[in-house]
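Over in Swiss-Prot, the protein carries these features:
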COMPBIAS  1-16  compositional bias 'Polar residues'
DISULFID  Cys3-Cys24  disulfide bond
DISULFID  Cys17-Cys41  disulfide bond
DISULFID  Cys43-Cys54  disulfide bond
DISULFID  Cys55-Cys60  disulfide bond
REGION    1-22  region 'Disordered'
Amino acid sequence: RRCFNQQSSQPQTNKSCPPGENSCYRKQWRDHRGTIIERGCGCPTVKPGVKLRCCQSEDCNN
């Protein structure tokens with residue numbers, strides 16, 4: 001699986017996930033800096049107030 005891993009509005013970058021990892025995620029929240037977006041491999045548990053979208057295809061988490 002390949003997932004995007006750039007932060008917020010940085011230029012697009014992606015990486016290959018470890019063998020057996022078939023999910024990508026996109027996590028979004030707000031703080032004093034504004035809206036923060038984090039992307040990567042897997043499907044993490046998030047705190048309340050954090051939007052999480054997980055998906056299972058190549059580069060699906062932009």
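Just so you know, glycine gets a Cβ as well, placed from its N, Cα and C.
In sequence order, Cys24 are the disulfide-bonded residues from Cys17, Cys24, Cys43 with a C-alpha within 10 Å of the C-alpha of Cys60 (disulfide bond).
For Cys54 (disulfide bond), other Cβ atoms within 10 Å of its Cβ number 14. With every protein chain in view, the residue among the disulfide-bonded residues Cys3, Cys24, Cys41, Cys43, Cys55 whose Cβ has the most Cβ partners within 10 Å turns out to be Cys24.
Cys3 (disulfide bond) and Cys41 (disulfide bond) have their C-alpha atoms 6 Å apart, to the nearest angstrom. Sequence-distant neighbours of Cys17 (disulfide bond) (same chain, 6+ apart, CB under 8 A from its CB) are Arg1, Arg2, Cys3, Cys24, Cys41, Gly42. Distance from the CA of Cys43 (disulfide bond) to the CA of Cys55 (disulfide bond) is 8 Å. If you draw a 10 Å sphere around the CB of Cys60 (disulfide bond), it holds 17 other CB atoms from the protein chains shown. In this structure, Cys41 (disulfide bond) is part of a beta strand by DSSP. Under DSSP, Cys60 (disulfide bond) is assigned to coil, being neither helix nor strand in the three-state scheme. For the region 'Disordered' (1-22), the DSSP-based tally of helix, strand and coil residues reads 0 helix, 6 strand, 16 coil.
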